[in-house]
Amino acid sequence: MSLFDGALMNTELSKRTSIFGLRLWVVIGILIGVFIVFTLFLISLCLVSRRSRRRRRSHKLAGALDASKEIHTIVHLPAAHGVLRPPAPAKVPEHRVVVQCDRVSSEESKGSGCETTSSFGSGSVGGLGLGPGSGSGSGPEVSHLGWGRWYTLRELEDATGGLCPENVVGEGGYGIVYHGVLTDGTKIAVKNLLNNKGQAEKEFKVEVEAIGRVRHKNLVRLLGYCVEGAYRMLVYEYVDNGNLEQWLHGDVGAVSPLTWNIRMNIILGTARGLAYLHEGLEPKVVHRDVKSSNILLDRQWNSKVSDFGLAKLLCSENSYVTTRVMGTFGYVAPEYACTGMLTEKSDIYSFGILIMEIITGRSPVDYSRPQGEVNLIDWLKTMVGNRKAEEVVDPKLPEMPSSKALKRALLIALRCVDPDATKRPKMGHVIHMLEADDLLFNNEHRTEGESSRSHRDYQLEHKDSKLDKRTDGGVIDQSEDASSRNHHQPTIRR
Ligand SMILES: Nc1ncnc2c1ncn2[C@@H]1O[C@H](COP(=O)(O)OP(=O)(O)OP(=O)(O)O)[C@@H](O)[C@H]1O
């Protein structure tokens with residue numbers, strides 16, 4: 001380019017344009033700048049979409065967990081005896097409570113240290129006969145935990161039809177539960193944990209440690225687990241008649257199949273399972289999430305407490321301050337919710353709420369009810385205080401219980417939810433009181449032909465309830481059986 005051309009270009013570039021009177025070179029500069037920014041934007045857009053595509057692919061490989069979000073509870077049960085099937089779960093909103101607590105306790109380390117001192121120790125799961133080395137297939141073969149069975153992913157996929165949606169039994173806070181059948185015909189429930197959340201993996205370890213060694217007829221038995229790649233699964237015995245929440249709040253028609261007798265048996269079985277956790281193990285186990293959906297039922301209506309995902313081993317005699325309060329809204333004991341202070345008395349509180357739920361057929365918190373009835377415990381205390389105890393009974397109950405049996409059950413429930421945790425009875429004591437009630441009920445049942453009595457007859461007959469109001473809103477039964485006062489710690493039955 002000649003000197004002349006250069007000077008010409010300079011003059012041309014310096015000319016003002018019609019765009020805000022900017023010089024031509026400024027406009028060209030701006031255009032180049034915009035072009036560069038636009039190109040960079042396109043490149044970053046490409047990178048982001050490629051990464052998300054890759055992530056989606058890895059999610060699929062990790063167990064079709066995305067799809068699981070859309071799967072709500074589906075009850076898939078083999079037809080047994082061609083009779084009752086557990087109803088689909090009611091649409092009662094339930095909220096897991098996870099509250100951060102300021103207090104980080106030095107006892108936490110004490111608690112975890114205890115876990116190794118369990119008297120159930122490092123032996124294999126009794127009766128299973130499956131210790132280290134029992135795994136099969138190409139996966140890891142030895143359970144480092146020294147108990148139970150390490151299942152391969154292949155085995156569990158074969159058992160559950162490749163974790164297919166048709167085999168989904170339900171979905172909880174930590175994962176999806178599938179029904180499966182092992183090659184030897186054993187029915188299992190496989191809980192596929194949502195391991196993409198750090199929380200679930202942690203719960204998995206806690207659960208494996210805590211339940212693996214525990215066996216009781218009223219506790220759902222953990223048969224083993226699977227840790228392979230991204231998978232974390234727990235394998236349980238399959239309990240084939242749904243959960244209590246479904247039977248209490250699901251669509252069962254006008255009359256519930258849960259008679260008073262069955263309900264009391266469910267309460268007693270649950271109490272026995274919890275008593276074993278609290279008083280039959282060293283270190284003791286606090287369940288931390290006692291609620292109706294965690295009470296599974298078999299075809300004979302025997303109850304089995306499930307979901308020890310929140311369980312934590314405790315040192316005997318020690319309370320425990322956790323950094324997180326976990327449980328389900330409506331069931332959590334006030335002291336635990338407020339301070340994170342965890343003892344077995346928190347389970348007793350939740351158990352008291354559960355008894356109320358079983359008697360009334362109402363959820364612990366139900367916003368669809370009129371004001372004053374939303375909170376089950378408050379409503380029940382008011383009703384009992386107003387001598388209307390008989391009106392709290394589940395209207396779907398096929399027959400009314402005797403006045404004494406009802407009052408006894410209510411009394412136990414109210415004692416369990418005493419605001420003062422130290423005043424709540426131990427689970428062994430609860431069993432003692434319930435067993436006395438059991439006798440009472442059976443005797444009355446024989447003599448009075450109770451099942452034929454209607455709600456109305458009952459109400460007329462028992463207007464003068466002897467339940468008296470206590471200052472804290474609880475009640476005391478003046479006709480309390482002396483046997484429950486002279487309480488001896490019962491032997492825990494296994
Ligand atoms: N061993 C089992 N046998 C049969 N069904 C089971 C078994 N374990 C769990 N279920 C069912 O699977 C569903 C999900 O259970 P899960 O324990 O994961 O959650 P949840 O108790 O409903 O809720 P959360 O996670 O808040 O405790 C429930 O309907 C429960 O009845």
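Backbone N, Cα and C atoms are what each Cβ position is placed from, and that goes for glycine too.
Long-range neighbours of the transmembrane segment (20-48) within the same chain, counting only residues 6 or more positions beyond its ends whose Cβ lies under 8 Å from a Cβ of the stretch, are 12-14. Positions annotated as transmembrane segment by TrEMBL: 20-48.
Per TrEMBL, the feature domain 'Protein kinase' maps to 163-440.
According to TrEMBL, the ATP binding site annotation covers LYS191. Within 10 Å of the C-beta of LYS191 (ATP binding site) we count 26 further C-beta atoms, all protein chains included. Mapped onto three states, the DSSP output places LYS191 (ATP binding site) in strand.
If you look up TrEMBL, you'll see 446-494 marked as region 'Disordered'.
Among the features that TrEMBL reports, compositional bias 'Basic and acidic residues' is placed at 446-472.
Annotation source TrEMBL lists compositional bias 'Basic residues' at 485-494.
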Would you report the average pLDDT that the model assigns to the domain 'Protein kinase' (163-440)? 87
